[in-house]
Amino acid sequence: FSMCEHHLLPFIGKAHVAYIPNGKVLGLSKVARIVDMYARRLQIQENLSRQIAEAVEQVTGALGVAVVIEAQHMCMVMRG
């Protein structure tokens, strides 16, 4: 989960990360670490996706990176 910077409420979900390697390949645990590192910060879902993609691209030199985050935002769930 991560915390919304606007409402200070959590959003909970899954991150799907895919990339086209350019020589260097990350293990699954490294991808999970990158996601966890950025998810611990106050932010919005769009920034989280961008930060994960940029980090994977920087570390691997990937030809392309895709990040999709499916999340439930507690600010929306609590409103009904």
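Every residue gets a Cβ built from N, Cα and C, even glycine.
These figures come from a predicted structure and were not determined experimentally.
Residues or ranges marked as Zn(2+) binding site in Swiss-Prot: CYS4, HIS7, CYS75. DSSP assigns CYS4 (Zn(2+) binding site) to a strand segment in the three-state reduction. In sequence order, PRO10, PHE11, LEU42, GLN43, ILE44, HIS73, MET74, CYS75 are the residues near CYS4 (Zn(2+) binding site), counting only same-chain partners six or more apart with C-beta under 8 A.
Of all Cβ atoms in the shown protein chains, 14 besides its own fall within 10 Å of the Cβ of HIS7 (Zn(2+) binding site). Highlighted in sequence order, HIS6, LEU8, LEU9, PHE11, HIS73, MET74, MET76 have their Cβ within 8 Å of the centre of the Cβ atoms of CYS4, HIS7, CYS75, the residues recorded for Zn(2+), and are not part of that set.
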